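Input: a single structure, listed below in structure tokens.
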Amino acid sequence: MGQRMSLLPQDVNYPLFYKYVLLVSYGGYYTLGLLFGFFKDKTDFAVKFLLDQSNIVLLSRIVTTLLGTITVVVAYYWGVLIDRSRRTGLVAAVFTALEWQLVLESQYALHQTLAALSSLVAFLGLSLVLVSKSRKSYIVGGVALGFAAASHQSVVLLLPTLIYVFSTDLSKNDNIRPREAITNWLNFCFPALLIGIMGNLNWMFRFKESLHFFLQGTGAGRVAFSSMQYFSYDIPSIVSWYLAEIIRRDYLIGLFVSLSLIVAILRRKKLDILYLIVTVTYFVFFYRWAFRWMHLFVGLIPIAMLFAAKCLSDLISRLRVSNIAVVMSVFLIISPNIFDLVRMDLNKHRPETRQLAKQWIEQNIPKGTKVAIDYPAHAVSLDTKYPNILRNRIAQDYFENTVPQAIKDKYLQLNDLGMIYEVVDMIDSKSKPEWPDFMPREAIQKAESSATMKDIYAYFNFKPVDKIVAEGARYIVLTSYTYAMFLYSDDPRKIYMANSYIKDDVLPFFNHGHTIDAGTQHELMYYVAKRGRDYFSQLLDNKIPGIKLIKEFVPSADQYGPVVKIYSVLQNK
């Protein structure tokens, strides 16, 4: 965006506000670098980024962590301004600060952290409109909702709450003149639309691409990467799943979330109804999705923390306990979360299996050797011609065709090509879908009508192993993050599919049976799963003459990462 001097990014995915925030932070970093002599000019800045991305990645994570911290502050002010209780605000802030998923998201440069913040800000704004008649509350509410719309697509899940607030506001303001009511809602709508549009310029100027991304994303959510149904796709199933997950990862805080829902159902005050509406909306929107993980619920989780805190605060008020007892009680409630978060951070400081594998490769395999790797997003990050941050197909295309030639020349000059590995990608993605020979014609016709299926069958193609060997690859490196995606669910090798700090059970996302799950939303995934399974099984089962497993790294209880398998090509086939 900065290089092209455009408010529109080259890729089309989520609303733009987070990218604007990152762009401003990168611009500030560049300006300070010029002032203090870290960079000579724009070319020097770009080349140093390509050689070492750590500063930019660290800056991105700092930005995300700040957004997470602001979320905690907003939770506090909801308690003070809406519940009119400093105690509720403090407890809400503590719960939000220690909630497992929110902490996990805030440690990475992910748009979901902004989704959590913007959803909470929007909920605060709608709560203000609900409990206050001041003109200021409408303006704040509109700004808050516009901020949410500019930040994440999940703002659509707040639409039912907006309708409820609007209808409730009209009914409670029977004595207000129509002109005043119209003025109030114009004060709400103007900033909401203005800010919301600024964050969704892609929908205005690149509608076709934006619609494709939205359809592809929602389609992928419905099937995940499973060829067999795992969940019951109904409301009771997702309600029980959500409550079980929030308790499993947040312990006593999760219990108060469950209790707060029961209290809201029984009490049914305006704020309770607002909470119930947004919760039910999430359930209704996602109950048909196979990607059932808490990453999707980060817009709901901070709101749930508010009402869990309110539930505890109300209970304390009824019991009339001392301040010391309150502090001790809250500490006991949050202790399991603190223990888990500290343990996670300690384990993150230990080298994971892919780092150990990279060290072993660098010590035992000469630079310049051709090494075949699996899914670039999961693979061991070897030093190659392309910077690690540009290992995916879209980024490589950007490097080759968009990065100015002067920057590429300087980068290649400084990047010692004699000290890198030549990487061969095992995934041979295409621009158009390639249907397996064993896929029936009727299934192909169904898949051709789905943007998601066309993308999946275009990406997950595999270069034949004999062709990889013919191209000169001397080693092959696999990770369980990739090959386990395709294995049958009863295969004992289908383990370590995600780092253990991701508490979600990821097996449902890659659930495969031995038969076609006909008539379900997963039916068409059977053939691409079989294609990948047939491909990787020949290596896992040692069925290829001349290729031998020589080294394996397996994570332990205190070590993160996938199983890494390193194969040697002993002879040409």
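Each residue, glycine too, has its Cβ placed from N, Cα and C.
Automatic, uncurated: that is what TrEMBL annotation is.
Check TrEMBL against the ranges 212-231, 412-431, 452-471, 552-571 and you find transmembrane segment recorded for 212-231.
Each residue of the domain 'ArnT-like N-terminal' (57-173) gets a DSSP state, and the totals for helix, strand and coil are 101 helix, 0 strand, 16 coil.
No contact links the transmembrane segment (273-290) to the transmembrane segment (185-205), because fewer than 3 Cβ pairs that are 6 or more residues apart lie under 8 A. Only residues 6 or more beyond the boundaries of the transmembrane segment (296-312), in the same chain, are considered here, and those with a CB under 8 A from a CB of the stretch are 71, 74-75, 78-79, 83, 85, 88-89, 91-92, 94-96, 99, 101-102, 105, 112-113, 115-120, 123, 152, 154, 157, 221, 242, 246, 253, 256-257, 259-261, 263-264, 272, 275, 278-279, 282, 286, 289, 330, 333.
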